[in-house]
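A.B. asks: Swiss-Prot lists these features:
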| type | residues | note |
| --- | --- | --- |
| BINDING | T142 | substrate binding site |
| ACT_SITE | D143 | active site, proton donor |
| ACT_SITE | E144 | active site, proton acceptor |
| ACT_SITE | Y166 | active site, proton acceptor |
Amino acid sequence: MSVAGRAESLGPPDSFAKRVLVTGGAGFIASHMIVSLVEDYPNYMIINLDKLDYCASLKNLETISNKQNYKFIQGDICDSHFVKLLFETEKIDIVLHFAAQTHVDLSFVRAFEFTYVNVYGTHVLVSAAHEARVEKFIYVSTDEVYGGSLDKEFDESSPKQPTNPYASSKAAAECFVQSYWEQYKFPVVITRSSNVYGPHQYPEKVIPKFISLLQHNRKCCIHGTGLQTRNFLYATDVVEAFLTVLKKGKPGEIYNIGTNFEMSVLQLAKELIQLIKETNSESEMENWVDYVDDRPTNDMRYPMKSEKIHGLGWRPKVPWKEGIKKTIEWYRENFHNWKNAEKALEPFPVQPPFV
């Protein structure tokens, strides 16, 4: 088991009130989650399990890497022997499972890898957590499991109808997680969130990709017409949602984490062009857009109801204009936090950026 950080200065397992395992903690959303937990819960030991895939960066965690209540372990959730040993040695109380392959474009050409990591890896993890009798297991899923809809809003009881390999793998993993509640009453909670944006996100996803392309004087590559719309939620807001679920979420339940803010991909590109290239001219903005072939499937909308988590007291707080400006500034200074980040800027990658 490879351990990094200040492991030698940590107390025994019982010196902390809780021991929280966060998988995929060097990735985008999970790194924000870890920073929040480490800073706000000094009596909790936060253990980051990450295999450091191409989209991960420990630079996301530099502000807390030397904290006494933080520990990094490099490892793979698909390694069942390793995962079982981790639960035995680290005495985990709570699991926040973020680790996954998430790039939709890549899922079309590497579907088996997505199935292996997202489905098998999740099964390994929830099985080990159940055997270790952890207090709570939160599985981080996606609104994409619902499939697309032009008008009907999805609630937590809506059927899963995924339309791409990534979404299918997340839906399948949900079934394994939920089965542990149904069969054993193992305290699992599932979340499904809208598109999240903000610092720390590897620039293969639409917002950091468009920002990075424009900051490198390259055009925004838009799949198809760009009329597909997405709901965008700022990273700190989704962290607050996970904290709410951690504290108040009921075992066996599913919680949508959404926002009413919705924007088409084309409008997103134009707004970023306005902010980064400082132009309001439609003709000039078109010069910074390049239309490329669409994905094999590309859902038009993911409208989602979030009243259930609102009932727990959570609502998004960060306005779009504030969040996007913070995000633009962060990428101006931190684009090279990942190795070979430039390879993420291609319109339709068919190989992982590290190849």
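From the backbone N, Cα and C atoms, a Cβ is placed for every residue, glycine too.
Describe the structural context of these features.
C.D. replies: Look at T142 (substrate binding site): DSSP puts it in a strand.
Every protein chain shown contributes to the tally, and the Cβ of D143 (active site, proton donor) ends up with 22 other Cβ atoms within 10 Å.
Secondary structure at Y166 (active site, proton acceptor), taken from DSSP and collapsed to helix, strand or coil, is helix. Sequence-distant neighbours of Y166 (active site, proton acceptor) (same chain, six or more apart, CB under 8 Å from its CB) are Q101, T102, H103, V104, S107, F114, N118, T142, E144, listed in sequence order.
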A.B. asks: Ten-angstrom check, please: count other Cβ atoms within 10 Å of the Cβ of T142 (substrate binding site), all chains counted.
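C.D. replies: Its Cβ shell of radius 10 Å holds 23 other Cβ atoms.
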A.B. asks: Please work out the number of neighbouring Cβ atoms within 10 Å of the Cβ of E144 (active site, proton acceptor), leaving out its own Cβ.
C.D. replies: 23
